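Participant: Got a structure for you, questions after.
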Amino acid sequence: MAIQSSSSGSKPPAPKRLVAPEATAAEGDGGRDEGLRPRRLADYIGQSELKQVLGIAVEATRLRNDALDHVLLYGPPGLGKTTMALVLAEELGVSCRIASAPALERPRDIVGLLMNLQPRELLFIDEIHRLNRVAEELLYPAMEDFRLDLTVGAGPAARTRSLELPPFTLVGATTKAGSLSSPLRDRFGLIQRLEFYSCSDLEAIVSRSAQLLQLELAAEAAAEIARRCRGTPRIANRLLRRVRDFASVRGIAAVGAPVVVEALAMHRVDGRGLDPSDRRLLSLLETSYGGGPAGLDTLAAALGEDPDTLEAVVEPFLLQLGFLQRTPRGRVLTDAGRAHLEAA
């Protein structure tokens, strides 16, 4: 069972878009999605290569009766990094303490976490690329030698006091592996990327979640949700909940594909998972700039969006679908993107 960190750091605001991959406050650790998480590797759908690598590491750790090597999980948001950390803890029969790097502002925050670890426990740090320098440097000897080096005093009278820590496993999660410093990255024994999920895996995830939610969902309905969730289980479960709400209010006991289409059309999510923000960008490129190229700042100003938000939140999925291209001269609408607009 996960043990929540007691830090007072504020949570990020909930995303306004239904198809945003970031977790809302209600979906976070201990939130609504907690009951939908798989508990064991055998229950974890998708990420077959990752499961194989971690399965071997877990079994070897059991045979040695030792702590699992430190693990770095990276990839886009919503793909199951937190879930995998909790699964690893369950497989090893230990607790998992959860913290977010932005909340570890002061040295005593990370010191408190490390000092309270039990032998072979997991410490999960989300957004680990956002650790400040002091917290990161405290982790170096802790990860390498299970030792905590504390500086006592200041100036010429300062001295270092070393405290032994029990063997533990740090599981770091990040969407920006390239932002980690080399000394921190090199201390992870296992570095694994989570990939976007296939449509068949997402259908299985949606069907499993529907059973847990006690929702009668037809196979073709699960497929409709899977096609719209951008390869991301978190979005799949969010869309499923909106379909469940719709069916409940309309008094629909058995949910088929037409119900899913109607329910998600109310939220303006189309058959490829695009929402109004996505379509506005594609439409602007076509109608105002002849398909492009158009600069990011120009597009952001025309849409009333922040350029960083446009680049980090709206564009990635359009690039993944091949509806948009980034060129040295600016953004360009592809033939596939134009065809999608015409079909809408």
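Glycine residues also receive a Cβ, built from the backbone N, Cα and C atoms like all the rest.
Note that the structure is predicted; figures quoted are calculated from it, not measured.
According to Swiss-Prot, the region 'Disordered' annotation covers 1-37. The compositional bias 'Low complexity' feature in Swiss-Prot is assigned to 1-10. What Swiss-Prot lists as region 'Large ATPase domain (RuvB-L)' is 13-197. Among the features that Swiss-Prot reports, ATP binding site is placed at Leu36, Arg37, Gly78, Lys81, Thr82, Thr83, Glu144, Asp145, Phe146, Arg187, Tyr197, Arg234. What Swiss-Prot records for Thr82 is Mg(2+) binding site, and it gives sequence analysis as the kind of evidence. Marked as region 'Small ATPAse domain (RuvB-S)' by Swiss-Prot on the basis of sequence analysis: 198-268. Residues or ranges marked as region 'Head domain (RuvB-H)' by Swiss-Prot: 271-344. Feature annotation from Swiss-Prot assigns DNA binding site to Arg326, Arg331; the stated evidence is sequence analysis.
Distances, neighbours, how buried they are, the whole picture for these features please.
Facilitator: Confidence for the region 'Large ATPase domain (RuvB-L)' (13-197), expressed as mean pLDDT, is 87.
Look at Leu36 (ATP binding site): DSSP puts it in a helix.
Neighbour count (other Cβ atoms within 10 Å of the Cβ, all protein chains): 23 for Thr82 (ATP binding site).
Cβ contacts within 10 Å of Arg326 (DNA binding site), excluding its own Cβ and spanning all protein chains shown: 13.
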Participant: In whole Å, how far is Arg326 (DNA binding site) from Phe146 (ATP binding site) when you measure between their Cα atoms?
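Facilitator: Just about 45 Å between their Cα atoms.
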Participant: Given the binding-site residues Phe146, Tyr197, which one has the fewest other C-beta atoms within 10 angstroms of its C-beta?
Facilitator: Phe146
Participant: With DSSP as the yardstick, break the region 'Small ATPAse domain (RuvB-S)' (198-268) down into helix, strand and coil residue counts.
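Facilitator: Residue counts in helix, strand and coil order: 52 helix, 4 strand, 15 coil.
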Participant: Which binding-site residues are spatial neighbours of Arg331 (DNA binding site) here, meaning Cα within 10 Å, out of Leu36, Gly78, Thr82, Glu144, Tyr197?
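Facilitator: Passing the 10 Å Cα cut: none.
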Participant: In which DSSP state, out of helix, strand and coil, do we find Arg326 (DNA binding site)?
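Facilitator: Once the DSSP labels are grouped into three classes, Arg326 (DNA binding site) ends up as strand.
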Participant: Given Glu144 (ATP binding site) and Arg326 (DNA binding site), what distance in Å do their CA atoms have, once rounded to a whole number?
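Facilitator: Computed Cα spacing between Glu144 (ATP binding site) and Arg326 (DNA binding site) is 41 Å.
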